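One structure is given here, and the rest of the page talks about it.
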Amino acid sequence: DSDSQCSPTRHSLSLSEGEEQMDRLQHVELVRTTPMSHWKAGTVQAWLEVVMAMPMYVKACAENVKSGKVLLSLSDEDLELGLGVCSSLHRRKLRLAIEDYRDAEAGRSLSKASDLDHHWVAKAWLNDIGLSQYSQAFQNHLVDGRMLNSLMKRDLEKHLNISKKFHQVSILLGIELLYQVNFSREVLQERRARCETQNTDPVVWTNQRVLKWVRDIDLKEYADNLTNSGVHGAVLVLEPTFNAEAMATALGIPSGKHILRRHLAEEMSTVFHPANSTGIRESERFGTPPGRASSVTRAGKEESSGNSKYRASRLPLGKIGRGFSSKEPDFHDDYGSLENEDCAEDDLQGRPEQCRLEGYNSLEVTNV
């Protein structure tokens with residue numbers, strides 16, 4: 001009743017909740033301005049709850065982690081046993097963040113990837129690359145910018161339930177583009193804004209921008225077939241096996257319509273093929289690192305002294321290319337017959353988590 005609502009006890013509880021919220025916000029501000037090694041227990045808890053979006057681990061954190069120095073020293077085992085973080089992707093998210101803050105302690109600023117929270121990844125980024133159907137899975141696993149750069153093909157299959165080979169390639173090439181712009185959302189938005197009304201810098205085109213281009217070249221009746229297809233600018237520019245025939249198949253242009261397919265090939269050659277040779281100049285112009293080996297090369301993971309390094313081994317793109325150019329009517333099912341390069345699921349027990357591809361040139365890629 002109204003008397004109970006206005007009682008001193010209820011009022012004091014409400015005031016206490018407000019003070020607690022204000023205290024939490026003050027701790028969040030300390031997160032932004034203070035090195036992790038200087039954090040007290042309250043700041044650690046606010047970071048975990050608000051910044052990392054992991055309130056489910058705050059209680060265990062309050063019991064076991066009393067300072068930022070302790071947080072910096074936590075191992076994977078500590079995260080699992082001390083904080084109760086059973087999800088391997090959640091542990092990775094925390095570990096990558098802690099490593100980022102540890103690097104910042106040495107005088108460097110936090111990585112640009114730290115600005116990309118899991119809401120942006122799940123809602124904006126997946127929509128940009130034309131794979132918004134996986135938004136909920138990315139949201140559930142709290143995949144943020146730092147985690148994106150660590151994702152491998154096996155992660156996509158095992159944890160995020162992405163089994164279509166082309167969708168895996170699309171995601172990894174989308175991550176490659178983020179790497180090329182140093183995970184700067186501002187640089188990416190600036191470049192996209194510049195080419196919104198002209199056919200330049202196609203590597204940064206979103207899935208929606210590709211649809212607009214398809215309509216502009218008088219193939220509008222096929223454009224909607226690219227919705228939620230995973231076809232975006234980085235695929236068209238960075239993946240050499242995704243050619244005009246693959247694009248025609250993705251659009252659903254019948255194989256018998258030779259004139260339309262030839263028209264598409266000619267239009268693609270004027271926009272996307274020149275872009276392959278200008279990527280380095282673009283990266284130099286915008287002060288971003290030149291492209292490394294394609295993200296489709298990511299394979300097994302190595303753990304070394306608590307730091308994560310990712311061994312990249314190139315996928316057999318010839319097989320993927322044959323999938324792109326398949327005559328089958330359902331473009332997105334062309335990849336079911338491709339070999340599964342990862343370890344068999346029933347062979348994972350008792351084996352290291354990494355699962356390398358053998359027989360391909362490999363290189364070390366250090367995460368953000």
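Placed from the backbone N, Cα and C atoms, the Cβ positions cover glycine too.
Taken from TrEMBL, the feature compositional bias 'Polar residues' applies to 1-15.
According to TrEMBL, the feature compositional bias 'Basic and acidic residues' maps to 325-335.
Residues belonging to the domain 'SAM' (39-104) score a mean pLDDT of 94 in the model. The feature domain 'SAM' is assigned by TrEMBL to 39-104 (among others).
Mapped onto DSSP classes, the domain 'SAM' (125-181) shows 39 helix, 0 strand, 18 coil. Residues or ranges marked as domain 'SAM' by TrEMBL: 125-181 (among others).
Summarising the annotation, TrEMBL assigns domain 'SAM' to 205-253 (among others).
According to TrEMBL, the region 'Disordered' annotation covers 1-20 (among others).
Annotated region 'Disordered' per TrEMBL: 277-368 (among others), in sequence order.
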Helix, strand and coil totals (DSSP H, G, I; E, B; other) for the domain 'SAM' (39-104): 50 helix, 2 strand, 14 coil
